[in-house]
Structures are given as structure tokens and as C-alpha cells.
């Protein structure tokens, strides 16, 4: 959603801002806008179905498999990413003026986007904290652990909504009244010039801290600690785990480090640059590049946290084969698989005789011998233990 800086609020009876073009968009701003649209289109096209499949598989498997704290955190991460991707088409079309809306609709879209992004980053930090507790064996098993996890997730979403509350307060509809183009409407976040170095700067710094610096510090601290703990394990297990952790950490830093740098530069520009057409175009171009970066996590998280794991791939195969849609069928197959693992399966004799036929023949032989006054034959010997 674009950020507009204005000198006065010109609203009509529909509470829409009317804006006449005074600053011509620069070439860099046009290129940045086209790049943002292309990247977001790719994220929606690929990340949307991927997050939907991962979330559906995770929710179906939660019905048949035991649910743990990491599983609930993963489910919440996929849900937050899917909701973020769901808001992108409206924001893309609104920025291009291809879809109209009301001020209330723009406020809801702004709240949904910033809240779901914040919840996604917070869930990543919860996953890192949970793994730290598992290493130190500080987790508690019991009936209360699941309730505590749900309480933590509820607090996370409530805090995300509170952190995202400034966005809908300043979101509104802007009506473009250009003389050489057709009139259209877009959703914007509007700040007057006297709010640039106060409200807008605070908003930029808050996003930089919550979406950028805090996740980088938390993830870096945990995985450095996790790498040190790997030295106590065997070489084979250490090499396999280290490969996964390195991939996870590098992917996160490759996405987050440019975001922190761009947002820091953007915050510096808001505080120090003068307000004129050149700096406004430059600031808008930097903001467009910055707001694309968090959306990349919606594309990477399903791959890193789901498809790189063996357990999820097995459950995904069960899901696409239809075995997870019936909870009773899934539990029956799991019980049958457990019986095969616990009890050894002995080879059948060369003559194929079912158990019911063998029992019926033996009963008939016993009744015939008793009628003749002869003792019944001894029971057959048990099968050898190493069958």
C-alpha cells in the first residue's frame, strides 16, 4: 500500500482524498513499481497454492497424528503466510488503480496485511525459542502443554493486531483527478507533511525493529547456539542436521539482511531528507523495494519448514493419495502398521491353508476320535521363536 505525503486533507462527502499530480513519477519509481508487481505476482502464483497445500496437509495430519507444540507453531506459520498472500492481490490491484474500495475496506486490508506479516515473524521466533527449550530439556509434557501453546498463539495474534493498528488508522481512499488520464481510486496510507518526522518515522522504525532486527537477532543467536550443541552428537547426525540448519539460516539471512539495510536507509531518509519531488520519488522507490522483501518468506517458509522434512513429505503423500481425509482410515492404517512392526510375521507353510480351515479340520478330527473312544491328538507345537 502506497504512502502519500500531503499538505492538507481535501476530502469529499465520501471521505475520499482528491489528489492532483504535482510530482511526476521518476523512471526509477516506475521501474520499482513494475518490479514490485512482478515479484508479488510470482509470490501469489507460487506461494499461494504452496501454502494452501502445506496448511491443508498439516491440519489433516493433526487429526490423525499426535499434536505437539512445534506442530502447532508450524500450522500457525502456514496460516499466517497464507493470509498474507491472500491480501496481496487486492493490494496489487489497488496500487494500480484497477479495483476500487471504501475507506473501511482499505483499513481492513491494511490491518490484515500488517497483522499477518507480524504474526508470521513472531511465529518464526517462537519456533526458534521452542527448539532452544527442547535442547535444554525444559519442555513439559502433559495435558496443560497444549493449552499453554494455544494461549501463546492467542497472545501472539493479539500482539500482532496491536502492532499493526497504526496502519488502518491512517489508511484511506485516494481519488486521482488527473486531467490527462482516467480518474481512478487507490488505497493509501496518508500522512501530512508535519507528521513525516514524527508519526511516519516512528512507523518505519517500528517495522524495522519488529520485522527486521528482532528476527535476525533471535534466529542468529539460536542457530549459533544450536551449532555449538551439535559438537556433542555423532558425526553422521551432526552433518545431516548441520546441513539443514545451514540452509535454513542462510536462506533467512539472505532475505532479512537486505530488508534491514533497506528499511534502515528508508528510516534515515524519512528523518533527514527534505520534502520535495526528488526525495519523495526516491523514498517511494526505496519503500517499494522494502515492502517486497517480507513477502518472500511466504514463498520460502513452506519449502524450508515443510518440504525439506521427511515426516512432512510422508504425510503429504498420504494427503494427496486421500488417506488423510478419513480419520478412522488413517488411524486403522497406523494401527495395522504398528502391529506389523511389533509382532514378527512368520512364513506360511508350503501348503496354503487358512487359519479358519485348519481350526475347522482339527475340531472335526477331535469329535470323531471322541466318538470312537480314543484320546484326542496332542496340540501342535508352537512355532519356533526365530521364525
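Any Cβ shown, glycine's included, is placed from N, Cα and C.
Residues or ranges marked as topological domain 'Extracellular' in Swiss-Prot (evidence: sequence analysis): 1-33 (among others).
For 20, the entry in Swiss-Prot reads N-linked glycosylation site, with the evidence type sequence analysis.
According to Swiss-Prot, the transmembrane segment annotation covers 34-61 (among others). Residues 71, 74-75, 78-79, 81-82, 85-86, 88-89, 91-92, 95-96, 288-289, 291-292, 295-296, 298-299, 301-303, 306-307, 312, 315-316, 318-319, 324-325 of the same chain lie 6+ residues outside the transmembrane segment (34-61) yet bring a C-beta within less than 8 angstroms of a C-beta in it.
Taken from Swiss-Prot, the feature topological domain 'Cytoplasmic' covers 62-71 (among others), and the record attributes it to sequence analysis.
Look at Swiss-Prot and you will find 72-94 (among others) tagged as transmembrane segment, backed by sequence analysis.
Residues or ranges marked as topological domain 'Extracellular' in Swiss-Prot (evidence: sequence analysis): 95-107 (among others).
Residues annotated as transmembrane segment in Swiss-Prot, with sequence analysis given as evidence: 108-129 (among others). Same-chain residues lying 6 or more positions outside the transmembrane segment (108-129) and placing a CB less than 8 Å from one of its CB atoms are 1, 70, 73-74, 76-77, 80-81, 83-84, 87-88, 90-91, 94, 101, 152, 156-157, 159-161, 163-165, 167-168, 171, 187, 189, 210-211, 214-215, 218-219, 222-223, 252, 294, 297-298, 301, 305.
Positions annotated as topological domain 'Cytoplasmic' by Swiss-Prot, on the basis of sequence analysis: 130-150 (among others).
Residues annotated as transmembrane segment in Swiss-Prot, with sequence analysis given as evidence: 151-169 (among others). Sequence-remote contacts of a segment are chain residues at least 6 beyond its ends whose Cβ falls under 8 Å from one of its Cβ atoms, and for the transmembrane segment (151-169) they are 1, 72-73, 76, 106-108, 110-111, 113-116, 118-119, 122-123, 126, 189, 199, 203, 206, 210.
The topological domain 'Extracellular' annotation in Swiss-Prot covers 170-204 (among others).
According to Swiss-Prot, the feature transmembrane segment maps to 205-224 (among others).
Among the features that Swiss-Prot reports, topological domain 'Cytoplasmic' is placed at 225-244 (among others). The predicted model assigns the topological domain 'Cytoplasmic' (225-244) a mean pLDDT of 65.
Under the heading transmembrane segment, Swiss-Prot lists 245-268 (among others), citing sequence analysis as support.
Residues or ranges marked as topological domain 'Extracellular' in Swiss-Prot: 269-285 (among others). Long-range Cβ contacts of the topological domain 'Extracellular' (269-285) within its own chain (Cβ-Cβ under 8 Å, at least 6 residues beyond either end) map to 2-3, 5, 22-26, 28-29, 31-32, 193, 196-197, 200-201, 204.
Feature annotation from Swiss-Prot assigns transmembrane segment to 286-309 (among others). Note on the transmembrane segment (286-309): residues 3, 29, 32-33, 35-36, 39-40, 42-43, 46-47, 50-51, 53-54, 57-58, 74, 77-78, 81-82, 84-85, 88, 117, 120-121, 124, 127, 211, 244, 247-248, 251, 255-256, 258-259, 262-263, 265-266, 269, 316 of its chain, located 6 or more positions outside it, place their CB under 8 angstroms from a CB of the stretch.
Per Swiss-Prot, the feature topological domain 'Cytoplasmic' maps to 310-387 (among others); the stated evidence is sequence analysis.
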Using DSSP, break the topological domain 'Cytoplasmic' (62-71) down into helix, strand and coil residues and give each count. 6 helix, 0 strand, 4 coil
Who are the long-range neighbours of the transmembrane segment (245-268) in its own chain, taking Cβ under 8 Å and residues 6 or more past its ends? 124, 201, 204-205, 207-208, 211-213, 215-216, 219-220, 223, 226-227, 230, 283, 286-287, 289-290, 293-294, 296-297, 300, 304, 308
Helix, strand and coil counts within the topological domain 'Extracellular' (269-285) (DSSP): 13 helix, 0 strand, 4 coil
